[in-house]
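Annotated in TrEMBL:
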BINDING   K75, K116, H212, K244, N341, G345  1D-myo-inositol 1,3,4-trisphosphate binding site
BINDING   R151, K201, 233-244, S259  ATP binding site
BINDING   D324, D339  Mg(2+) 1 binding site
BINDING   D339, N341  Mg(2+) 2 binding site
DOMAIN    164-369  domain 'ATP-grasp'
Amino acid sequence: MKVIGDLTGVRGAEMDEVVVEETIVVGSAVAGAEEATVVFAGSDVADENWVIPGSGVAAESERRVVVGFALTKKKVNSFMQPKLLSLARKKGIFFVEIDFNRPLSEQGPFDVILHKLTDEEWRHSLEGFQEEHPEVTVLDPPYAIQNVYNRKSMLEEVAALNLSNSYGKVGVPKQLVVTCDPSSIAMEVEKAGLAFPIVAKPLVIDGTAKGHELSLAFDQASLSLLDPPLVLQEFVNHGGVVFKVYIVGDAVKAVRRKSLPNVDRRNLGNTEGIIPFPRVSCAAAPADEANLEPGVAEFPPTALLESLAKELCCRLGLRLFNIDIIRKYGTRDQFYVIDINYFPGFGKMPEYEHIFTDFLLKLVPNKYMKHPACA
């Protein structure tokens, strides 16, 4: 079993791995004769008395919050940053890697399970575990995650919400799901009355880079080059800026990223074909406010984003996701949600370490004992 966290009481950042002579089951005092590997982030702190959860040394009142995680290696590398692990340790949070070679029911006990895996075997295993252990918080339920892996169902909740208040109006671009033969797409688009240019996105997000690729189609002839199943959306001019709104429980944080530039519809007759885009927005492409028009650079009203986040948390049944939202160019208060992502790259979210650890502690308040360093 791997425990990801800082080991205080051991001096020197070079100590990355400690092999102990007993098997420590997190959250219990059970120990066997087999070796176990406990992996820690290096620490130079040696003045605190810390106990590995379940070692039998800590009193019941000192038990910490144990978070089991099931993530891809890529997600572990991007999310489990040293700053997060250090802060989590100070707050009494331990991240434990789930062993896929053992039944989930034989591991733990956990207070929280954090996951982002898409295969059916894991899903069934986790759903069975939830039935047996309703006291464990699962972030997030597999059935809820499936809804945002399908771009049709993902945006249906936004459209049904029809959010409109004094701060603005939020909707979705006009869209069409196509599963037909590519040669029939043009006819389907004409029936639906979609205007060019049209954004084409994979219908299903499958956990690969391909699930986030998109194309911009400028004319009917080019539609036959697309590869269904797809979601086709009318392209909305938005000044080349997308707002990525991160939701962690009750916390809402927005960042500004570069996006596709405006399209001059008066010159559409001079443009044809398809332009592919591997991925539009990323952490390496922040939108510099100094180079943007004031109306484009301005963030959506906080009250509007908080209202939208709260409603979607309830409708989607999710607590860890982000929304890609754009402002229609030339307006101040007309917004469109164009994508929703479960458990996105929170490392790109400002102050995510504090926000995420506070969120975890709120999930299990009765287990949390404030450490003097956090007072």
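Glycine residues also receive a Cβ, built from the backbone N, Cα and C atoms like all the rest.
Automated prediction, rather than curation, is the source of TrEMBL annotations.
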Note = In all the protein chains shown, the tally of other Cβ atoms within 10 Å of the Cβ of R151 (ATP binding site) is 23
Key: Neighbourhood of F235 (ATP binding site), C-beta criterion under 8 angstroms, separation at least six   = P173, F196, P197, I198, V199, L216, L260, V263
Task = Measure between the Cα atoms of every pair in K75, K116, H212, K244, N341, G345, the residues the record assigns to 1D-myo-inositol 1,3,4-trisphosphate, and report the largest value in Å, rounded to a whole number.
result = 19
Query = Nearest to S259 (ATP binding site) by Cα distance: which of the binding-site residues K75, K116, D324, N341, G345 is it?
reply = D324
Query = Are there residues of the same chain, six or more positions away from G239 (ATP binding site), whose CB falls under 8 angstroms from its CB, and which are they?
reply = N262, L292, E293, G295, V296, R327, Y329
Inquiry  = I'd like to know which of these binding-site residues, D324, D339, is least surrounded, judged by other CB atoms within 10 A.
reply    = D324
Remark   = For the binding-site residues listed (K75, K116, H212, K244), most other Cβ atoms within 10 Å of the Cβ sits at K244
Request  = Name, in the order they occur in the sequence, the residues of the same chain whose CB lies under 8 A from the CB of Q233 (ATP binding site) and which sit 6 or more residues away.
outcome  = V172, P173, K174, Q175, I198, V199, K201, I338
Task = Go through the binding-site residues R151, N237, D324 and tell me which ones have a CA within 10 A of the CA of K244 (1D-myo-inositol 1,3,4-trisphosphate binding site).
result = D324
Ask   = How big is the Cα-to-Cα gap, in Å, between K116 (1D-myo-inositol 1,3,4-trisphosphate binding site) and R151 (ATP binding site)?
value = 17
Inquiry  = Using the alpha carbons only, what distance in Å do you get between N237 (ATP binding site) and D324 (Mg(2+) 1 binding site) once rounded?
reply    = 14
Ask   = CA-CA, which of the binding-site residues K75, R151, F243, G345 lies nearest D324 (Mg(2+) 1 binding site)?
value = F243
